[in-house]
Amino acid sequence: MADLSVKIKDLVFKNPVLTASGTCGFGEEIADFVDLSELGGVVMKGTTLKHREGNNYPRMAETPSGMLNAVGLQNKGVDNFIRNIYPNIKDIETNFIVNVNGSTIEEYVELTERINELDKIPAIELNISCPNVKEGGMAFGVSCPSAEAVVRAVRAVYSKPLIVKLSPNVTNIAEIARAVESQGADSVSLVNTFLGMAIDAESRKPVLSTITGGLSGPAIKPIALRMVWQVAQAVKIPVIGMGGIMNATDAIEFILAGASAVQIGTGIFIDPTLPVQVVAGINDYLDRHNMNSFNELIGSLQIG
Amino acid sequence: MKKTVQELVLIENTQLNHDNFRLVLQAGSELPEIFPGQFVNVEIKKATEIFLRRPFSVLDVDYQNRTFSLLVKILGRGSRVLTTYQPGDKISVIYPLGKGFSQPETTDKVLLIGGGSGVAPMLFLSKVCGLNPENVHILLGARSIADHVDVSAYQHNGKFYFTTEDGSLGEKGFVTNHSMYKSELSTFNKIYTCGPDAMMKAIAKDAAKAGVFCEVSLENMMACGFGVCLCCVEKTTSGHKCVCTDGPVFNIKELTWQI
């Protein structure tokens, strides 16, 4: 068995497979299906300072090889997380990462400070890329100055590993990645969902209550892969790749493109055991290719 | 009741009428307990252009033979392809999912009302509710006689009533037009229903007016079925709740329907 561990800053992940935010709840919701301690990490449902009801139903549209969602960061707020969820997960042996959201820089900072107090949360993922909220969210992630501003402010109050989740809805994602790296981000995760739309031709109405939503699933994989490759060329910090991973081969493609770890998202909806299958599949791949360490695989794309 | 992803074997696929099929699936090991109103999420691999699983409520369970059956009504591409599966085919299923109907008291007189594929959990409930069949009244509605399924296997579970919109079976009209429904509604301790939204809303309105306990089973569009995507939410008196995990069965008092 090869060594699957990988580091982001000084945080060790036992393997490079994490669940993506918004696709596994707080981990407990998939615990019937998988032993969470077999995962590299669990990135939990997007959390905000205050309770959010999210957007109105309908929030989902199935699309070719994917789906649109417009959940809008429904969550019960950080107090509920600390009181009712954290005690249940804190002794499970994996890296539980909080996905941090805000409408203003002040909210991002205040929420980060609350999470910083939790010993068993070893890292945060700063979400500057949610396409389904009216204020904040993706607005921070689509320009270099605003992305820099929020990362700078959060970095000032947080010394543990800081992962910044990037939006693909930009002209040049590598520039945004460089901007957040310049402000002290320890890693970037990409991609969040692509802004999309579905229309019911017969009723002449949009399918989603919000009209637009975020596209995920295998439909976006080639674009996500290209973006991970571009970003991995542009920054020195580790890249976490995601976008339509449905099996171990998909995950390995992201790693070859330069990702140090991957997140499994929408694929969990189809099969909640997928993350552990991907761990096993990466191990098999390393064995077949006579590699002793996962680190040898990162960015080992052979060009020319 | 642990949820699992399992490859089950289809052992029977019977066409019941022009667009309804009964699929019987067998597990390799002991079945978990499955309650009326609970559902399973089925991967329809042969429909390669379909990305998500499709949820179906359970029609019946046979623990001894490790089988359960689904009533599959053709509504779109997914259900159409599923009805072409043959005995011996393997089907990936996530189950059991959701919270089913509440158990009635032993002395209750109950009314079960089903429409469309909502007939399935009502038949299942009639079988396992444990009441004296005299106290179980089952009202099923459809467009015409051709849309009803044969319920003879369930006939001893209670007293059956039928409506059709064209009058070809039972009384003419919707379930809410049935004479028994109109005259006896307030005599029931509990009403359980599953079917089209408009039907359930009309029943909820009447039940609320009559002050009768009423549970409805919702079928909001869902991606996962086990409470992580948060797509299938219904507005309730305590905010958005997931139909897949908090439901699909809700007491009408929890809902914010304008009734």
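Keep in mind that glycine also has a Cβ here, set from the backbone N, Cα and C atoms.
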TrEMBL annotation, substrate site containing A:K45, A:N69, A:A70, A:V71, A:G72, A:L73, A:N192, A:T193 - matching residue among A:N127, A:N283, A:N290, A:N292: A:N127
Euclidean distance between Cα atoms of A:T193 (substrate binding site) and A:G243 (FMN binding site), Å: 8
Within the predicted model, mean pLDDT of the domain 'Dihydroorotate dehydrogenase catalytic' (A:4-286): 97
Of the recorded positions listed as A:S21, A:G46, A:C130, A:G265, the one whose CA lies nearest the CA of A:T193 (substrate binding site): A:C130
Residues close to substrate site centre defined by A:K45, A:N69, A:A70, A:V71, A:G72, A:L73, A:N127, A:N192, A:T193, Cβ within 8 Å: A:G22, A:G46, A:C130, A:P131, A:N132, A:V133, A:G214
Entry from the binding-site residues list A:G46, A:G72, A:G243, A:G265 having the most other CB atoms no farther than 10 A: A:G243
Distance, A:K45 (substrate binding site) to A:N127 (FMN binding site) (CA atoms, angstrom): 11
